[in-house]
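Only one structure is covered here, and it is reproduced in the block below.
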Amino acid sequence: MVLKVFFPSCCSSADSGILIGRWISEQNSAVILAVVHFPFIPVQVKQYLGEVQRVTKVSVSVLGSWSNSKQEKEESLSEFLEDLGTIFCHEPWIQISKEGDSKFWSCSILQKHSKKPQEEEIILVYYDQRKVMLSHLHPPLDTAGQGAEDASKLSAIFDTVARSQVLFMTDRYDEGPIKLTHWQSDGVEASIIVELLKQASVPACMLLTFLLSLLSGICRSRVLKFWPLSFLWSKLSTCEQLGHRLQHLQVVSSNKKAPNQNQLMRKANIFVSLLIDVALGILLMSWLYRKNRIGHLADTLIPVADHVAEELQDLLQWLMGAPAGLKMNRALDQVLGRFFLYHIHLWISYIHLLSPFIEMILWYVGLSACLGLTVALCILSDIIALLTFHIYCFYVYGARLYCLKIYGLSSLWRLFRGKKWNVLRQRVDSCSYDLDQLFIGTLLFTILLFLLPTTALYYLVFTLLRLLVVIVQGLIHLLVDLIDSLPLYSLILRLCRSYRLAAGVKFRVLEQQDGKPLRLLMQINPLSYGGVVQTYRLPTYSCYPRDSWASLCKKLFLGELIYPWKHKGDKQN
């Protein structure tokens with residue numbers, strides 16, 4: 001049989017003593033947790049191990065002896081180490097010795113109480129106790145006992161180290177009868193700043209939770225359910241982003257302990273995302289308020305709006321003539337052109353009416369950047385939507401007119417074939433028409449067919465303009481979603497401490513020699529960066545239309561309205 005001994009690499013330079021750990025009989029494996037140094041009293045060691053076993057629920061015992069040959073060799077040391085096997089009574093008794101500065105180690109097994117001792121092949125596996133402790137490859141603590149029962153999984157090794165955390169809280173500075181060597185024997189790993197932040201975060205979280213509960217209560221009040229406010233809350237992306245960040249603050253400020261590692265990582269990712277978002281927003285705000293950039297932006301906005309309106313007027317004048325040499329219906333072309341020119345005239349008047357207040361509006365809007373860069377980007381998207389509202393109106397008018405003609409032509413085409421649409425059964429049925437119905441249908445079909453190119457041209461032009469605005473808004477919201485959903489804390493952790501995001505383990509051969517135990521080094525395999533993003537990605541509030549090209553072409557052909565994004569409560573026409 002093969003006996004596997006998992007030895008912590010931090011104990012390779014420890015003084016001679018006894019090995020304490022857990023024996024997993026199902027796997028024929030020994031997990032060494034620490035080394036107890038000489039001198040010690042065996043009764044006190046047994047009492048200490050009993051207390052550790054009572055707290056951790058791990059069957060910790062003395063597994064063998066450890067001999068470091070750097071010390072002066074005593075003739076009675078080897079005999080004394082062998083005699084310890086009769087005191088602690090563990091079968092098999094493992095003896096590991098290090099031969100000075102040499103890389104060769106010797107490991108032997110004593111089976112005094114076995115009638116037929118078997119020669120076993122020994123594999124000595126080194127592991128980094130700190131990385132194994134923090135890698136979270138073990139089952140959760142509440143179900144760790146069930147996971148450890150499965151002897152076929154390596155997680156039992158990780159579970160043993162993770163549940164023995166109490167054992168690692170004793171360092172060499174403790175005034176106790178037992179001196180241990182483990183990964184924290186030189187001092188418990190902690191930070192004064194982190195501990196102070198933990199103490200200060202309790203009252204801060206309580207105050208923040210109270211304020212957020214008060215704010216969420218106001219948001220859920222009936223005042224916001226009335227028509228104007230409810231419409232604005234559902235349509236403006238700024239309101240959606242504020243509600244999304246409010247949920248994030250409630251998650252971060254919650255005083256409930258995270259039930260598992262994924263929830264803890266989610267809280268940390270949200271917290272880091274909020275900090276970076278607010279920091280970027282403050283940087284943007286400081287840049288805007290320097291050198292009177294808001295005044296320059298306000299002075300530039302009106303000329304840009306006038307230039308866009310002039311370009312639209314030139315475009316409509318071109319459409320009212322002979323665009324690209326096409327022969328259009330003169331009467332319908334003039335009606336549609338004058339209708340849209342009048343809307344542009346109204347839009348220019350509206351912009352010039354607001355021009356005295358634009359700088360003040362931008363000044364107050366710039367203050368919202370302190371809430372985060374994403375809020376500022378959402379406000380920018382809403383401003384673009386308001387400034388291009390006339391383009392949206394043109395697109396809606398053209399799409400509705402085009403859609404009416406397409407559905408009228410399809411209905412009249414069914415009339416020619418003796419068919420009709422059955423509304424109740426939602427299917428096409430046969431139908432007989434008289435002569436008057438066919439005559440009127442022919443006239444209407446001819447009129448709609450000859451007017452279709454003029455309507456289709458206006459619809460195509462305004463659809464392209466609308467798609468341009470949609471692309472700009474989509475890029476802005478894509479950046480907002482990137483900041484909201486990117487797991488920044490997990491990526492930083494993957495870059496600095498990759499073993500904290502472990503995907504598995506690998507073994508590297510250190511020594512393989514006849515007559516010597518096979519020595520392996522167990523290493524932690526970290527998650528890839530793509531796996532980190534996929535595993536810990538945060539949910540976002542908006543869902544963008546991910547239609548195929550065929551679906552998009554179908555919507556364009558049928559004249560259906562295309563929205564830049566669709567919120568949870570919206571229904572797309």
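Note that Cβ sites are derived from N, Cα and C of the backbone, with glycine treated the same way.
Per TrEMBL, the feature transmembrane segment maps to 200-219 (among others).
Below 8 angstroms of C-beta separation, residues 245, 248-249, 251-252, 297, 366-367, 369-376, 483-484, 486, 488-489, 492, 538 of the same chain, each at least six residues beyond the ends of the transmembrane segment (270-289), sit close to that stretch. Taken from TrEMBL, the feature transmembrane segment applies to 270-289 (among others).
Long-range neighbours of the transmembrane segment (335-354) within the same chain, counting only residues 6 or more positions beyond its ends whose Cβ lies under 8 Å from a Cβ of the stretch, are 302, 305-306, 309, 312-313, 316-317, 319-320, 361, 389-390, 393-394, 397, 454-455, 458. Sequence annotations record features per position, and here TrEMBL assigns transmembrane segment to 335-354 (among others).
Look at TrEMBL and you will find 361-388 (among others) tagged as transmembrane segment.
Taken from TrEMBL, the feature transmembrane segment applies to 394-416 (among others).
TrEMBL lists 437-461 (among others) with the feature transmembrane segment.
Cβ atoms under 8 Å from those of the transmembrane segment (467-492) belong to residues 237, 241, 244, 265, 268-269, 271-273, 276-277, 280, 373-374, 377-378, 380-381, 384-385, 388, 391-392, 501, 529, 532-533, 535-542, 544, 562-565 of the same chain, restricted to positions at least 6 beyond its ends. According to TrEMBL, the feature transmembrane segment maps to 467-492 (among others).
If one looks beyond the transmembrane segment (437-461) by at least 6 residues along the same chain, the residues whose Cβ comes under 8 Å of a Cβ in the stretch are 315, 319, 323, 326, 328-329, 332-333, 336, 340, 398-399, 401-402, 405, 408-409, 412-413, 415-416, 559.
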